[in-house]
Amino acid sequence: MVAAALDAMAGTRWGRWLGLVTAVWVQCISGNNYTFSNYSDSIKTLMGLTQLQLNGLSVAKDIGKAFGLLAGLASDRVPTWLLLAIGSLEGLLGYGAQWLVVSRTVAPLPYWQMCVFLCLGGNSTTWMNTAVLVTCIRNFRRSRGPVSGLLKGYVGLSTAIFTDICSALFADNPASFLVMLAVVPAVVCTVAMVFLREGEVGGAADGREEEEDGRCFTAINTLAVTIALYLLAADLTGIGGGGGVVSTIFVAVLLVLLASPAVVPAHVAWKSWTKARKLANADVEEAEAATTPLLLAKAAAGRKEAAAAANARGPGEKPLLGEEHTIAQALMSLDFWLMFASFLMGVGTGLAVMNNLGQMGVAMGYSDVSLFVSMTSIWGFFGRIASGTISEHFIKTRATPRPLWNAASQVVMAVGYVVMALGMPGSLFVGSVVVGVCYGVRLAVTVPTASELFGLKYYGLIYNILILNLPLGSFLFSGLLAGLLYDAQATKVPGGGNTCVGAHCYRLVFVIMALACVVGFGLDVLLCFRTKRVYAKIHESKRPRRSAVVQSVS
């Protein structure tokens, strides 16, 4: 009975928005996979590892994402709450075991066992992300860009949230940090298991409802930007670190800001309730007037069904881009592999920087790299949330292919790597900002692009196939490229391990990654030309909707 009531709630407008807000909270704790730099130096020292061995652990963490294919397969077969439960349990085990080692509660585990637990921790986020993205994009089919940008934006913020809370309450203690990574996601996912559900897909929404949805997205985005600016100010001024009353107040205000998106579904629920009361008391004439948008919506839905019937493919006939693809059909498409390869160049090089920020900071003479980790996270948020909304706007107004924004991010990222290769004062700060923004753009733009080109039916699995680029990119650019070239420059230290100090330690790494981004730029430009027809069609599909709004108002 309770489950039926919750499913019914998910089918309402305010229920969908409540689900989106709980999804936002899940994403706030889903970026723990990007926090390795915060405690990697402790593991390296405690286990006496070389940089290549440490990067091997980082690759093991990212290999966990390769098993996200299991989450993709399960997304169409099991309910959302089960996906969240699996992810939270894996995180509890993976990060809990790392805490036991870093806190010296147990002796350092064998290297292979540490790889297994890091892999578990990395895989945990794929279950959470799949549950959140698949459910919310299906619940908000006409707003895929804003939904993707919003959710991926909060993932970008999560690293800064974890880092700043740990700095404020535990003075950057790596063991306490790992406790947070293990326990907090499990608690948040427990809440999301109740409210995040896939609602029934109704007919086309009327114009007023779409405008209301737009205002709701604007409200949540504004709150998200406020949180990002708050974290940015805390990092630059240092008011959140060091413990004491000020740090406690900083954390309390942050938690209030994180809870604030709940105001949106509360507002939608109140408006729905007041509207229901007005309709109940309305006279016949008002009731007939109120049905006009509904009739227009039904007419639009009828046109959509007719178009779908006209475009239906016969058995064995290859679908066109923009239509529903099976997994086999998507994998046989050149466009899928163009998107896959360009994604690899962007996220693979970005992960190499994120995974090695700790050692890059030491090489550049910094004793504390938490600022750079937070900068990458916060500016990654701005890249994600802005690219999702902006790319959606230009599809509606100019039919601009979404991959164009990926191409632009590749150019900017290449410039950032050149700046970092020069090793000038402040170059690591500039580089961390540029990499954060461009990495965020890649994630937020690619997620809705995949659904627009290959459909939503098998989206969960298609998304996780694309996410294979994370472990593959981590292995190629972080595990091999950065690890081998760093060790070639480093000197051994007593007790095992090695170290390198100076801009030369990573210079060649940055140059090669800049060239990889140039290759990615070419692939994205080619994909833009090949998908122009799809985005022209999406653009045209929104025009009748705007006309219907004008007619209903007049």
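Each residue, glycine too, has its Cβ placed from N, Cα and C.
All annotation found in TrEMBL is predicted automatically rather than curated by experts.
Over in TrEMBL, the protein carries these features:
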DOMAIN    16-265  domain 'Nodulin-like'
DOMAIN    323-535  domain 'NFD4 C-terminal'
TRANSMEM  81-99  transmembrane segment
TRANSMEM  111-137  transmembrane segment
TRANSMEM  149-171  transmembrane segment
TRANSMEM  177-196  transmembrane segment
TRANSMEM  216-233  transmembrane segment
TRANSMEM  245-270  transmembrane segment
TRANSMEM  336-354  transmembrane segment
TRANSMEM  360-382  transmembrane segment
TRANSMEM  403-422  transmembrane segment
TRANSMEM  428-449  transmembrane segment
TRANSMEM  461-486  transmembrane segment
TRANSMEM  506-529  transmembrane segment
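Within the model, the domain 'Nodulin-like' (16-265) shows a mean pLDDT value of 86, rounded to a whole number. Within its own chain, the transmembrane segment (216-233) is flanked in space by residues 17, 20-21, 24, 143, 146, 150, 153-154, 157, 160-161, 164, 239, 253-254, 257-258, 260-261, 263-264, 267-268, 374, 378, 381-382, 385, 389, which lie at least six positions past its ends and keep a Cβ under 8 Å from the stretch. Counting Cβ pairs under 8 Å to the transmembrane segment (149-171), the top-ranked stretch among 81-99, 245-270, 360-382, 403-422, 428-449 is 360-382. Nonlocal intrachain contacts for the transmembrane segment (81-99), taken as residues 6+ away from its ends with a CB within less than 8 angstroms of a stretch CB, comprise 26, 32, 39, 43, 64, 71, 74-75, 105, 109, 114, 117-128, 130-131, 175, 178-179, 181-183, 185-186, 189-190, 192-194, 196-197. Non-local neighbours of the transmembrane segment (403-422) in the same chain are 339, 342-343, 345-346, 349-350, 353, 383, 387, 390-391, 428, 430-431, 434-435, 437-439, 441-442, 445-446, 449, 503, 506-507, 510-511, 513-515, 517-518, 520-521, 524-525, 527-528, 531; each lies 6+ residues outside the stretch with a CB under 8 Å from one of its CB atoms. For the transmembrane segment (461-486), the residues of the chain that approach it from at least six positions outside its boundaries are 51-52, 54-56, 58-59, 61-66, 68-69, 71-73, 75-76, 122, 126, 129-130, 133-134, 325, 327, 330-331, 339-340, 343-344, 347-352, 355-356, 359, 446-447, 450-451, 454, 500, 505-506, 508-509, 512-513, 516, judged by C-beta separation under 8 angstroms.
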